[in-house]
Amino acid sequence: MRISIFGLGYVGAVCAGCLTARGHEVIGVDVSSTKIDLINQGKSPIVEPGLEALLQQGIANGRLRGTTDFAEAIRASDVSMICVGTPSKKNGDLGLEYIESVCREIGYVLRDTTRRHTIVVRSTVLPGTVKNVVIPILEDCSGKKAGVDFGVAVNPEFLRESTAIKDYDQPPMTVIGELDSASGDILQALYEELDAPIIRKPIEVAEMIKYTCNVWHATKVTFANEIGNIAKAVGVDGREVMDVVCQDKVLNLSQYYMRPGFAFGGSCLPKDVRALTYRAASLDVRAPLLDSLMRSNESQVQNAFELIEAHDKRKVALLGLSFKAGTDDLRESPLVELAERLIGKGYQLDIYDENVQYARVHGANKDYIESKIPHVSSLLNANLQQVIDNADIIVLGNRDEQFRALALQAPAGKQVIDLVGFMNKPTSTTARTEGICW
């Protein structure tokens, strides 16, 4: 494949070396004549183990060359990869001036070409950037239509400095965000020899995946550091703690708890977060990430309330009251907190929870229900169908399988608010569904 790479910094130079090593013809493009001279001499413009050998090989076999001539590189290639930097502005926003400049250059050249060209954004950009910035510039400068006259895709990179060659050759996954299937097909062909799953998604999803991965990595580092600081303050080696924590691949390092949805609750998590952050504060150990957990959890309850409030209807069915399905435990259930807010704002609320109904009469939580939340428990209704029929808004609060079946057959005319991820789309033309995070 003939590929032009715009930007010969860290990402661009690594991609150039790895692509030529796999037999592709690559033209490296940069405004810096110094970088171009280095590339054409087979020298790496960055420090990265193994890269210079790949560049030397590419120059020697004629598959790699560098140029400052944007137009010539575009005309001589079928795919253009944008790998320019996206530096932070003073306010923290993303600087897109380099991407905008490259897109203008590409667009002007496309105006005079008849071959279909595919533009691939490898630079890290926020969701909506390709749709709202890249494509409009390309279309305006070329006079052509994206997805029809030329292709557009996003291909986020997951290269780590000092291990970039290995990361390119052995990725955990290859993410392709495609505007049109033809562009996705081209990138899939480019990467199909790599032993990694190829995941094709809409462009905005691919953009968000990249940021989510990076922020998750930053979160893990910060979490481990804060745990380590608290551990040291209580006379424990934080490394020993985290070594054991990381051995749990069922809960700690897994997909469990990693699905967007409603707030956490129950008798353990809220209590233990508060206890540990209190101890940290008493020892003068700063733990801003851990300190933020309860505030963030509270914010998710408020988000759910605002979803309901936005629909200007007063009859609400809350399906689920315990903090999770399969239990009658109401201690610190975020659904109880949500119910309290709805009651306080004058909503007509009916609640259905099979396990809590049982507990109300027989269970160990009977005293808790009657003493702590009698005003909420009085709204419990044992007739699920009646609860649904009386409501304008149906809130799916926990993952009881009864509610999944209901979600798939949502009554026409009802507004369904899904807090747990049962529904992907409305079940009829008149049923409406909205998820808390989707």
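Backbone N, Cα and C define each Cβ position, glycine as well.
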Swiss-Prot GDP-alpha-D-mannuronate site partner of Glu161, Lys210, Asn214, His217, Asn225, Tyr256, Tyr257, Arg259, Phe262, Gly265, selected from Lys131, Lys313, Lys315, Lys324: Lys324
Same-site residue for NAD(+) (record: Swiss-Prot; known: Tyr10, Val11, Asp30, Lys35, Thr86, Lys271, Arg331; options: Thr118, Thr124, Thr219, Thr222): Thr124
Least Cβ-crowded entry, counting other Cβ within 10 Å, from the binding-site residues listed as Tyr257, Phe262: Tyr257
Among Lys324, Arg331, the most crowded of the binding-site residues [Cβ within 10 Å]: Lys324
Recorded positions clustered about Arg331 (NAD(+) binding site) [Cα within 10 Å; pool: Glu161, Asn214, Asn225, Phe262, Cys268]: Cys268
Neighbourhood of Glu161 (GDP-alpha-D-mannuronate binding site), C-beta criterion under 8 angstroms, separation at least six: Tyr10, Glu48
Top Cα neighbour of Lys324 (GDP-alpha-D-mannuronate binding site) in the set of recorded positions Asp30, Lys35, Thr124, Cys268, Lys271: Cys268
Fewest Cβ neighbours within 10 Å, where candidates are the recorded positions Val11, Cys268: Cys268
